[in-house]
Amino acid sequence: MQQNALLQQLLADNDLSSAEMEACITAIMTGGFSDIAIAAILALLQKKGVKATELSGAYRAMMTHAIPIELDEHAVDTCGTGGDHAGTFNVSTVAAIIANGAGVSIAKHGNRSVTSRCGSADVLEALGYTIDLSPEATMELFSKTRFAFLFAPLYHPSMKAVAHIRRELGIRTIFNTLGPLANPACVKRQVIGVYDPSIMELYIETLMKTGCRHAMVVHGKTESGAPLDESSVCGITHISELHEGVVSYHSVIPEEFGLSRWKTADLKGGDREDNAMIIRRILDGSASQAQIDASIYAAAMACYVSGKATCIDEGLCLCKESLENGDAAKNFSRILDLNREIADKHRTAVN
């Protein structure tokens, strides 16, 4: 579709077909449109509201231009959309670490901070993890640990073409929505936290179209009813679940799983060093019970979608055990050691 025809369609608030959106995103990432047109397209799409058919087309375009990596069909990604401005510590990151200690393969796709003070890449780096390993080095690490962090800029180089436009626009765009879906390992199992409950159905419908096997899209509430882009130990958590093509809906509270209810202030994070310290304390057992509960709650959901647990309750038991017997801490220490060793080896080979 030509640039002007596309703009006219979006100005009229008309939805694009999946193929039209795929062509649109491809043109955006390959220099087919001017910067001014790209800014207009992104803003108009955001105003109109992206539909699942459009998002699946955008997903195909983005994955076509991604650097792929083959890991494990059972690997799980835990991530959030951001945007809740709650200032909590990196719950989805420590949840991935705990779940991995419980035997779950993890392929966490992440980036530096966008809407918070500390993104998953930031906190892992502060913990001593080299985040920009090559795909080959990452595959080697994963083969030994069943843990991989996939640094988004490394696997989606075509996004550089629009980075300056997104920065100047200063608004959320379709690329923010795409982020949690665009794992370069093409994972089929995910826990996605969303700050806006109105997009839960969008994600579920798109995950169905992209071949996901088991996913939970979660939206939490604080004690005051404010949004959280993760499961909540402060209030209710709404869940849209996709499992082998079947969609179901649940609303749960922490007490159902034997967890206490906490205040958002109990989960506050800080900068990368602050959040790294919180994660260390969670792993060594010296963190607050609120921090531990929030972490194992999220980790339990990862265990469930991985197939390691048959329900969230069972996942919670596995994650508690992973923390209490020290498996999560020992396992992550080994990951850091091997990450350092592999990074040094590949750096030496390049030099």
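Just so it is clear, glycine is given a Cβ too, placed from its N, Cα and C backbone atoms.
According to Swiss-Prot, the protein carries these features:
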type	residues	note
BINDING	Gly80, Asn111	anthranilate 1 binding site
BINDING	Gly80, 83-84, Thr88, 90-93, 108-116, Ser120	5-phospho-alpha-D-ribose 1-diphosphate binding site
BINDING	Ser92, Glu230	Mg(2+) 1 binding site
BINDING	Arg166	anthranilate 2 binding site
BINDING	Asp229, Glu230	Mg(2+) 2 binding site
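Features as recorded by Swiss-Prot, highlighted on the structure.
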residue : record                                              : Cβ neighbours (10 Å)
Gly80   : anthranilate 1 binding site                         : 29
Thr88   : 5-phospho-alpha-D-ribose 1-diphosphate binding site : 26
Ser92   : 5-phospho-alpha-D-ribose 1-diphosphate binding site : 25
His109  : 5-phospho-alpha-D-ribose 1-diphosphate binding site : 24
Asn111  : anthranilate 1 binding site                         : 20
Arg112  : 5-phospho-alpha-D-ribose 1-diphosphate binding site : 16
Arg166  : anthranilate 2 binding site                         : 18
Asp229  : Mg(2+) 2 binding site                               : 27
Glu230  : Mg(2+) 1 binding site                               : 30
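For the binding-site residues His109, Arg112, Arg166, a Cα-Cα cutoff of 10 angstroms around Glu230 (Mg(2+) 1 binding site) retains nothing. Comparing C-alpha positions, Asp229 (Mg(2+) 2 binding site) sits nearest to Gly80 among the binding-site residues Gly80, Asn111, Arg112, Arg166. Comparing Cα positions, Thr88 (5-phospho-alpha-D-ribose 1-diphosphate binding site) lies closest to Gly80 out of the binding-site residues Gly80, Asn111, Arg166. Under the DSSP three-state reduction, Glu230 (Mg(2+) 1 binding site) is assigned to coil, being neither helix nor strand. For the recorded site, the residue listed as 'anthranilate 2 binding site', the DSSP three-state label reads helix.
Among the binding-site residues listed (Gly80, Asn111, Arg166), Gly80 has its Cα nearest to the Cα of Ser92 (5-phospho-alpha-D-ribose 1-diphosphate binding site). Between the CA atoms of His109 (5-phospho-alpha-D-ribose 1-diphosphate binding site) and Arg166 (anthranilate 2 binding site) there is a gap of 20 Å, rounded to the nearest whole number. With respect to their backbone Cα atoms, Arg112 (5-phospho-alpha-D-ribose 1-diphosphate binding site) and Gly80 (anthranilate 1 binding site) stand 13 Å from each other. The separation of Arg166 (anthranilate 2 binding site) from Asn111 (anthranilate 1 binding site), Cα to Cα, is 15 Å. DSSP assigns Thr88 (5-phospho-alpha-D-ribose 1-diphosphate binding site) to a strand segment in the three-state reduction.
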